[in-house]
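Working notes for the structure below.
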Amino acid sequence: MAAKKRKKKRKNSKQVKRLKIELVGLLLIFLAIFGSGAAALSDGAIPGWLENLFQFFFGIWYFIASVFLLVTGFYLLVKRKLPDFLHRRMIGFYILLAGVLMLTHIQVLESLLVTTENTSIIGMSWTLFFDYVNGTGTLVQTGGGMIGAILFTFSHYMFSITGSKIVVVFCLLIGAIFLTNLSIGEVASKLFARVKAVSNIAIEKWTQYQTERRERKQQAYMDDESRQAVNESEDNMVTEIEVSEREEPFINDFTDVAYQNNATQATENKSPAKQAQSIKSDQEGQSDHSAEDSKDEAMPMTARENHDYELPMPDLLADPSYNSQQQEKSQIQATVRKLEKTFTSFGVKAKITKVHVGPAVTKYEVYPEAGVKVSKIVNLHDDIALALAAKDIRIEAPIPGKSAVGIEVPNKEIAMVSLREVLDKTWSNKTSKLLYALGRDISGEAVVGELNKMPHLLIAGATGSGKSVCVNGIITSILMRAKPHEVKMMMIDPKKVELNVYNGIPHLLAPVVTDPKKASRALKKVVAEMERRYDLFSETGTRNIEGYNEYIRKQNLASEDQQPHLPYIVVLVDELADLMMVASNDVEDSITRLAQMARAAGIHLIIATQRPSVDVITGVIKANIPSRIAFSVSSATDSRTILDSGGAEKLLGRGDMLFMPVGSSKPTRVQGAFLSDEEVERIVDHCVEQQKATYQEEMIPEETNEVVEDVDDDLFEDAVQLISEMQSASVSMLQRRFRIGYTRAARLIDAMEDRGIVGPYEGSKPRSVLVPKPTEEQTTSS
């Protein structure tokens with residue numbers, strides 16, 4: 001019992017001690033608040049008296065006492081214990097504060113000690129303080145307060161005024177060392193290192209500035225000497241426009257670039273037999289065994305190499321007609337003057353420095369002066385078209401990689417670009433099997449693409465704009481570069497007229513699919529093939545089709561059992577809109593899966609449509625097909641649907657396109673290569689003669705024969721009789737007449753559709769009734 005009382009007593013004593021500490025903390029906070037500036041807010045005696053008390057001891061530094069009391073009070077409230085006032089950092093604070101107070105007092109009383117006979121520092125400080133309290137003096141006269149006065153008195157007696165200043169310096173240094181725990185040597189070394197680093201940077205910048213200045217002077221001197229020589233060399237490459245009193249723009253005809261190597265290419269293409277023999281030997285060198293040495297159980301969706309197969313030669317294509325735009329050059333001078341006059345009349349300071357004459361359009365490079373907004377030139381679109389009397393112009397602002405704005409004006413006549421002249425530029429490149437030719441850009445350079453790098457392509461444009469010719473050019477380019485065992489194709493043509501010419505070529509996996517319902521099943525089979533290929537990659541530890549084929553090649557070298565390589569698969573859909581109308585969900589799901597995952601499996605999509613609306617080219621399809629080609633469309637909305645930007649509505653048609661491959665920020669204007677139907681037939685006939693088509697059974701979309709089951713509903717016969725009499729079919733009518741629910745009525749309508757009694761669902765239109773209305777005799781007998 002006594003122990004319990006002692007324990008309770010100790011506990012109470014600890015509680016009382018904590019309460020005392022908290023009360024002391026609150027008291028210190030009270031003194032800090034009312035001792036520093038509270039007199040300005042309150043007219044009471046205590047705030048003013050406390051403030052004067054702090055000023056008496058600390059002078060102009062009286063707020064330090066308030067801060068010290070405030071921090072100490074909060075410390076007591078939070079920690080509930082007394083702080084260590086003799087800590088090393090606290091000692092440093094005391095020494096530093098003493099030095100500051102003494103220094104302030106020296107500055108105040110130094111002049112008075114020299115001019116007056118009274119040398120009592122404490123007496124003078126007392127007098128100055130009460131002068132401030134009575135209103136005849138200022139707070140600055142109090143200096144460091146009575147603490148500063150006492151310290152200065154002792155120091156002045158020991159060391160005089162000069163010695164006191166030295167004491168102050170040492171007090172500040174010693175206090176800083178105690179407070180920061182940094183030695184003077186460390187501070188000096190760090191300061192020296194920082195000054196040295198800054199000086200080195202300054203010296204380096206100055207040296208670099210001097211070097212650049214000398215280089216600029218030297219370059220300016222060289223430019224002055226070589227400008228004449230450069231102008232002479234450029235005059236040999238371009239045609240000059242003789243316009244007086246202004247700078248002459250350079251004119252670059254696309255024929256200068258397109259046809260500069262015609263003689264060399266013609267010589268190389270005169271001996272197709274030799275090229276075919278070399279190609280054949282190269283292909284034979286890559287394979288060690290023929291098809292007879294293969295395993296009995298061949299892997300599905302693989303093809304054995306036919307060593308007798310010869311690729312089509314460029315001679316099967318029509319010879320290019322080297323057209324030029326010489327008739328356009330006589331009008332360029334007048335066009336340049338009209339453009340500059342238009343700019344001047346609207347207050348736009350700009351110069352035309354270069355002119356590129358392309359197959360279909362002429363591009364004028366306009367260099368605006370500093371301070372001219374690009375939008376000001378773009379807003380002159382209609383005025384420029386009016387001044388040039390052009391049916392439409394296109395403004396490219398700015399030209400990528402140049403500080404210029406491009407104005408594209410249609411030519412009076414379009415120079416035809418043939419597929420052969422574009423393929424001649426790339427015929428030496430045999431490694432890429434999926435390289436295809438598109439046409440020529442404004443500068444005359446051949447524009448080609450590699451489908452395996454895109455990896456999918458979306459082609460859209462209005463009817464008659466050149467979309468089908470572009471698709472035929474892509475297919476022909478692949479047929480002329482790849483053998484059937486290297487590239488396979490799946491063609492879907494709901495229009496039944498565009499791709500049927502390719503039926504029978506050995507590259508096809510299945511006959512050209514023309515039924516939209518079969519097309520959705522064909523796409524599902526391609527998805528299944530993609531998944532099967534990924535299973536093969538997983539089993540062999542490879543990541544893509546190139547790695548898998550390399551793995552098979554190494555296995556074939558080490559083993560007698562020869563395994564075939566996986567071919568690339570190109571899926572062509574000529575009209576996506578028809579497929580989306582019949583089976584939009586299945587088609588979109590299959591295309592989305594292929595676009596997301598099929599690249600590594602060697603499966604690539606080429607999707608063409610003549611209706612570029614958002615319900616056909618959905619956001620999901622666009623997001624997964626980054627490479628796009630836009631032909632002429634009717635509105636800027638359709639252009640934005642294809643390219644995410646305008647411009648396609650200003651194209652001229654007849655193969656004029658905007659090509660935006662993956663990774664490109666802006667589309668490139670290209671004049672598409674023309675390919676006639678006769679040329680396509682010659683290429684197809686050559687491929688069929690070399691090897692007959694062997695379709696893959698597992699890739700042919702099968703027919704679905706749905707067995708119509710009997711309807712287990714007593715109202716079916718009555719519903720059929722009602723619909724035949726009314727010659728109108730709807731779910732709501734059956735609900736009202738027979739007083740049944742929606743589900744049962746909809747099931748009856750579906751059963752009638754399966755049996756050919758009513759037509760299919762046509763949106764807001766009523767279903768058509770396919771059975772005739774019964775006669776009065778039939779109604780009476782029933």
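Note: Cβ is positioned from N, Cα and C throughout, glycine not excepted.
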Which range of 143-163, 374-394, 563-583 is transmembrane segment in Swiss-Prot? It is 143-163
CB neighbours of Gly466 (ATP binding site) within 10 A? 26
Tell me, what is the mean pLDDT of the domain 'FtsK' (444-640)? 89
In which DSSP state, out of helix, strand and coil, do we find Ser465 (ATP binding site)? coil
Using Cβ-Cβ distances, find the residues under 8 Å from Lys467 (ATP binding site) that belong to the same chain and are at least 6 apart in sequence, listing them in sequence order. Ile459, Ala460, Gly461, Ala608, Gln610, Phe631
Please work out the number of neighbouring Cβ atoms within 10 Å of the Cβ of Gly464 (ATP binding site), leaving out its own Cβ. 12
Other same-chain residues whose Cβ falls within 8 Å of the Cβ centroid of Gly464, Ser465, Gly466, Lys467, Ser468, Val469, the recorded ATP site, in sequence order: Gly461, Thr463, Cys470, Phe631, Gly653, Gly655
